[in-house]
């Protein structure tokens, strides 16, 4: 593989842009994502506050608070500033296609790029904490007495802190890979360091593959074990009791969380793996036999991840029929749908927890009754 960190001739500039269809339906997808993001943000804040109450606090509740914070930040960075960006998009006809290209002026392009990076960072935090919760559930089944005496709120807080610290540490260099400048009412993207740019795409994706694969394996194994133990223990009981209903709800919650986790992670890991293999082979050759250097593609990935992946796969694979633009548009819609499903996952984790946990429901009812009682007293 050619070492791009030493090739100064590849220091090129790009303009921040992405393509959409003539009717700008992709922008409507962004609006739908922003609505879901705000719902997820509000819901996660409410549940984090509820879990902070003294009579609910326990190690799992602390982990759920960390998960709530990570999900809040993931939803916020995904589409939180999209209403602002919608007012700033400048869309013009895209030559030789039936679509349009949209740009963001400076400094909004810089905000959008950094938010794209932070979305992946905080989603990684969410994955790590979700995996930690699965491990805690397995430990509680295997060693119930040890778990009660040794699994403390402080250790759960340390686990959350390490998850945030690790994700921020591996994601921080990506923020310094590109610079942004104002150029005649458009946003000029400048490569700061090709070595950092290579890390921001290739090596960061390799780390994501390792972390996501490990988390997925642990989640699947822990879920299988939990379900097996619950089913095995229920086989020796008679009629349905309150305890058995609670066990079934808990088992269902674990399965749903695993499903959401795998649906959001498997497509991403597959794309990461394909990109890394092609990058290492230096095999980015389009349908016109033009060889595109990976440094250019690295810049695209850091700028706007979903559009970049769609563009790369449409130009360097035969995954769909049609022109490069048509394939890129379809893939972009698909990847944005995965991103929206990730936001739904940020919301669904706590919807499941509230449906399954009577204690959390009681706390929410108690918190909602207080204002009503105060108004009645006045």
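Cβ from N, Cα, C; glycine included.
Bear in mind that TrEMBL entries carry predicted annotations, made automatically and left uncurated.
Because the structure is a prediction, the values reported are computed rather than measured.
Per TrEMBL, the features are:
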type	residues	note
DOMAIN	43-267	domain 'G-protein coupled receptors family 1 profile'
TRANSMEM	26-52	transmembrane segment
TRANSMEM	59-81	transmembrane segment
TRANSMEM	125-146	transmembrane segment
TRANSMEM	158-176	transmembrane segment
TRANSMEM	202-228	transmembrane segment
TRANSMEM	249-275	transmembrane segment
TRANSMEM	340-360	transmembrane segment
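Long-range contacts of the transmembrane segment (158-176) within the same chain: residues 62-63, 65-66, 69-70, 114, 117-118, 120-122, 124-125, 128-129, 132, 192-193, 196, 199-200, 204, 207, 302, each at least 6 residues beyond the stretch ends and with a Cβ under 8 Å from a Cβ of the stretch. Here the transmembrane segment (125-146) has Cβ contacts under 8 Å with residues 59-60, 63-64, 66-67, 70-71, 73-74, 156, 159-160, 163-164, 166-167, 211-212, 214-215, 218-219, 222-223, 225-226, 229, 254, 257, 261, 265, 346, 349 of the same chain, all six or more residues outside its ends.
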